[in-house]
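Written out below as structure tokens is the structure these notes cover.
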């Protein structure tokens with residue numbers, strides 16, 4: 001056949017030329033596209049490709065699993081289901097064809113050698129049998145010959161006696177008999193020699209065949225041993241039935257087994273006869289003895305149903321996983337022991353417990369280790385810790401901008417000061433001119449960037465100020481020079497000290513005529529804020545937010561303090577921060593203001609924040625501009641959370657949204673458990689107090705606010721208004737507008753609806769009108785708290801006071817058929833009015849309290865009698881009036897109560 005080129009061959013088999021050249025190279029032939037290819041090379045390439053593509057696994061392992069359920073009795077009379085899985089593994093080995101052929105040839109040679117040796121042995125046995133038969137025949141012939149010779153001798157004796165008479169006959173017969181005996185002896189000798197020659201030939205042939213079989217077996221012994229080493233040992237019960245030695249060995253083994261069985265039988269009988277030792281025997285031993293000795297006539301019933309489990313001779317040490325709390329029964333189940341053993345161990349350790357008692361993790365660890373087990377402690381928040389620790393963080397820490405919180409008393413000019421720094425009008429936008437949110441802003445100055453947090457100064461915003469102090473690096477304490485130190489100023493100092501944050505004092509309103517900065521220094525020194533010129537650590541800067549005086553000095557003081565602190569943060573990696581403020585926007589959903597502490601917060605990150613989680617859908621700065629990332633010390637608004645997070649929660653970027661949801665749900669469940677436990681505890685503690693006290697009025701409130709911090713502050717302030725008689729109960733609170741659900745809740749709980757910087761939608765207004773609910777809107781927290789106080793005051797029980805208006809002395813007593821005893825009196829003090837309450841005093845002791853029924857002056861009924869005049873007084877339902885008694889006239893006055 002004509003040789004073809006590689007290129008034409010590639011076109012013929014429809015494969016790329018480069019691939020065909022590579023295949024030739026793999027087969028050991030170096031070709032190019034223009035080289036020719038012979039038929040032999042084609043066959044070589046085809047064999048190479050078939051060998052490559054035909055490679056199948058030489059070993060195949062199959063695993064079979066069978067699952068079943070087993071009910072195991074547990075403590076408390078219950079049973080638990082145990083899943084049982086039985087696994088079977090089987091391996092199939094595919095041999096190489098050449099190796100398989102060689103093994104087959106060796107196996108064939110071995111079988112032929114065995115068959116030849118078997119045939120030789122059978123022929124040897126047959127020849128031995130023939131030899132024995134020939135020997136027996138020869139022996140029988142010799143015996144017959146001896147018998148014949150004896151008979152002939154007897155005949156000769158008889159013939160000698162008749163010798164005289166038969167001389168002629170004897171001389172003729174004797175030569176004939178000797179000739180016959182000679183011929184028979186020669187024939188027997190020839191036959192014996194022929195048999196001996198045949199026997200020698202058979203033995204020689206048997207020895208030759210046995211020698212040849214032994215030589216072949218020695219030649220194949222090495223190959224058989226190698227093959228037996230590679231092949232799995234399938235059976236050891238192989239023997240040659242025709243081998244004499246094998247039969248003897250097998251008979252000896254059978255005799256040994258039979259002897260051991262008889263020995264066990266005798267021992268079992270002796271054990272059964274010893275009744276005194278039955279207490280020390282186990283149930284399994286008695287069952288075995290009965291199984292061996294039953295069946296009197298040698299017929300033993302099969303013992304397939306007898307359990308073959310043996311009691312462990314040593315304790316099993318387990319890995320016991322213990323949670324934060326565990327009951328004694330659960331601990332016993334984990335260690336696979338009885339609960340009584342655990343209780344005994346605890347008693348030895350000095351702790352008394354019942355089987356259902358809950359023990360802590362440390363006690364359970366001591367008990368388990370005392371019983372010899374290995375303890376693995378498991379924390380319930382293990383998932384939370386794993387999620388928090390699985391983070392990508394950079395290693396290079398860089399300088400970051402300081403976070404500065406401006407704190408101080410209300411109306412001391414905090415926001416105005418920040419407003420001047422930002423050159424905007426923030427204070428005018430706040431309702432009432434007071435700050436009610438935490439404002440987070442970052443400001444670029446000539447000397448660097450500074451992030452400012454503006455906190456409220458009103459007393460209701462304590463928690464918001466505390467959060468501001470915890471998230472900050474430096475506190476700027478604003479004190480008005482004309483007002484001095486006020487309550488919220490002292491509270492701000494306490495927050496700063498608790499957070500261990502340095503304080504820079506800004507003495508504001510320095511341009512006012514009545515400003516007294518030295519008085520401010522003196523008052524602050526009483527609370528541990530000492531100026532540097534007095535040997536302290538705090539910088540004092542005189543500023544004016546209106547005129548702009550001292551603003552640059554204040555910024556320089558802040559940056560100087562930040563330089564001393566050496567503030568650093570890792571800029572790269574997954575971010576974490578703190579929630580400054582959060583609220584619910586009707587169009588955007590939950591919105592959280594987050595101050596980034598370290599790392600970079602990017603759009604699209606998965607954030608875990610307290611009880612909430614979510615992917616960041618959008619990010620905005622404090623001016624409302626869309627941004628995609630934020631570094632350390634930058635405040636941003638993020639959208640995309642599952643709910644409104646609580647202000648002050650830590651915001652952390654995590655990898656997996658599924659794990660973030662699990663951690664958030666775990667935190668919610670934990671919070672719910674703690675809340676229920678706290679409520680249960682308060683119920684138990686207040687049980688007897690609630691039984692003794694009277695009816696308590698409750699003012700139910702549904703509160704809605706624009707941001708989370710304001711809602712929290714108002715809730716705390718309202719609950720502090722509660723008294724022993726009127727309690728404020730906030731049945732619902734939240735962030736966002738007032739919805740139909742809020743109105744329905746208020747109608748069901750007979751509550752008033754308070755909206756702080758929010759409004760009700762159309763559906764909520766319809767419910768409010770239909771149910772005649774009390775809906776009020778507020779924008780200043782002062783007004784809200786004052787009106788709630790008024791509502792609580794109206795719910796207070798009225799207070800009554802008795803006021804003495806007159807005093808009369810009894811001079812004489814007259815009898816009247818209509819009124820009975822009538823006292824003639826002189827009014828000594830005040831005025832006596834008709835139908836008023838009176839008290840009768842004798843020796844300054846009240847002996848009667850009743851009502852003045854009749855009042856007369858002379859014979860005329862009058863309504864009142866004034867001081868220094870005489871009158872007649874008839875006391876209703878009382879006749880024991882004596883001269884000298886004093887009649888005290890009083891009236892009850894209702895006093896209107898208010899909430900302080």
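Using the three backbone atoms N, Cα and C, a Cβ is placed for every residue, glycine included.
Going by Swiss-Prot, these are the annotated features:
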- 48-310: region 'Disordered' (REGION)
- 68-82: compositional bias 'Polar residues' (COMPBIAS)
- 85-98: compositional bias 'Basic and acidic residues' (COMPBIAS)
- 108-164: compositional bias 'Basic and acidic residues' (COMPBIAS)
- 165-176: compositional bias 'Polar residues' (COMPBIAS)
- 177-237: compositional bias 'Basic and acidic residues' (COMPBIAS)
- 263-277: compositional bias 'Basic residues' (COMPBIAS)
- 278-291: compositional bias 'Basic and acidic residues' (COMPBIAS)
- 399-568: domain 'tr-type G' (DOMAIN)
- 408-415: region 'G1' (REGION)
- 408-415, 454-458, 508-511: GTP binding site (BINDING)
- 433-437: region 'G2' (REGION)
- 454-457: region 'G3' (REGION)
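Its Cβ placed at the centre, residue 414 (GTP binding site) has 30 other Cβ atoms within 10 Å.
For the compositional bias 'Polar residues' (68-82), the DSSP counts in helix, strand and coil order read 3 helix, 10 strand, 2 coil. Counting residues of the compositional bias 'Basic and acidic residues' (108-164) by DSSP class, helix then strand then coil, yields 54 helix, 0 strand, 3 coil. Around the Cβ of residue 408 (GTP binding site), a 10 Å sphere holds 29 further Cβ atoms from the protein chains shown. When pLDDT is averaged over the region 'G3' (454-457), the result is 61. Counting every protein chain shown, 17 other Cβ atoms lie within 10 Å of the Cβ of residue 411 (GTP binding site). In the three-state DSSP scheme, residue 414 (GTP binding site) is classed as helix. Around the Cβ of residue 510 (GTP binding site), 22 further Cβ atoms fall within 10 Å across all displayed protein chains. DSSP classifies residue 510 (GTP binding site) as coil under the three-state reduction.
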